[in-house]
Amino acid sequence: MNTNRKPIFRRVLLKLSGEALMGDEGFGIDPKVLDRMAQEIKELVELDIEVGLVIGGGNFLRGGSLAEAGMNRVVGDHMGMLATVMNGLAMRDALHRAFVNARLMSAIPLNGVCDAYNWAEAISLLKSGRVVIFSAGTGNPFFTTDSAACLRGIEIEADTVIKATKVDGVFSDDPVKNPDATLYSNLTHNEIIEKELKVMDLAAFTLARDHNMPISVFNMNKPGALKRVIMGEDEGTLISSHTPE
């Protein structure tokens, strides 16, 4: 295990799944989970890590699921974008209550609710020590929030995209359904695509691969796991261009 006490990243893009915010509630947001994640993000800020944040909306709804039920996919995805804004508002409030300066930006204009996404302003805010929450996905239908996370990570020149989930990393199979599934410690972008592992959509991984963006996947329900990833310790799964020797 790496015992280096200094963070190995300067700027990160943290991707939280909407489902993980549910906790044991089954729908919506579990305030205890929200506040705990705000505290863990605060720990990163106190280490002078610049944090960008993308949150999914699956704890409220998914555009794809609505489309399967007969709704127009574009309409469903627009609803999904608004769900991510709701999560962003909740996280911004939780961060403010934890005395962390945060700014919420949306890929679609929502005057009076949050700021419109602006690349240059986002960079400036990150450099000033503020957490920047990017909501509404990419602003376009048919693109997931995982793709949005990789896109924003590349745009803000993050050192890595860190994906928080409800499981310990990337497995060979669904660990909830298959207890014998194997946890991978290291994978390449190409291996994810070749094995068709269900962690992010292929568009997101292709984008990350083409820009040599490392991705770490960890369990957000595991206290201290996020900080361990930042410190370069053995935690979750690291996805990069090359498998470490």
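A Cβ is built for glycine as well, from the same backbone N, Cα and C atoms used for every other residue.
A coil conformation is recorded for Gly58 (ATP binding site) in the three-state DSSP classification, outside any helix or strand. Non-local contacts of Gly58 (ATP binding site) by the CB criterion (under 8 A, 6+ apart in sequence, same chain) comprise Ser17, Gly18, Glu19, Ala83. Residues or ranges marked as ATP binding site by TrEMBL: Lys15, Leu16, Ser17, Gly18, Gly58, Arg62, Thr165, Phe171, Asp174.
Every protein chain shown contributes to the tally, and the Cβ of Phe142 (UMP binding site) ends up with 14 other Cβ atoms within 10 Å. Look at Phe142 (UMP binding site): DSSP puts it in coil. If you look up TrEMBL, you'll see Gly57, Asp77, Thr138, Gly139, Asn140, Pro141, Phe142, Phe143, Thr144, Thr145 marked as UMP binding site.
Positions annotated as domain 'Aspartate/glutamate/uridylate kinase' by TrEMBL: 11-219.
For 23-28, the entry in TrEMBL reads region 'Involved in allosteric activation by GTP'. Secondary structure counts, DSSP: the region 'Involved in allosteric activation by GTP' (23-28) has 0 helix, 0 strand, 6 coil.
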Averaged across the domain 'Aspartate/glutamate/uridylate kinase' (11-219), what pLDDT does the model get? Just tell me the whole number, please.
93
Residues Lys15, Leu16, Ser17, Gly18, Gly58, Arg62, Thr165, Phe171, Asp174 [recorded ATP binders]: greatest CA to CA distance in Å
23
In chain order, residues whose C-beta lies under 8 angstroms from the C-beta of Gly57 (UMP binding site), counting only those at least six residues away in the same chain, are Gly18, Gly80, Met81, Leu82, Ala83, Thr84, Met86, Asn87, Thr145
Using only C-alpha positions, which one of Lys15, Thr165, Asp174 is spatially nearest Thr138 (UMP binding site)? These are the binding-site residues in the record.
Lys15
Hey, how far is Phe142 (UMP binding site) from Lys15 (ATP binding site), Cα to Cα, in Å?
18
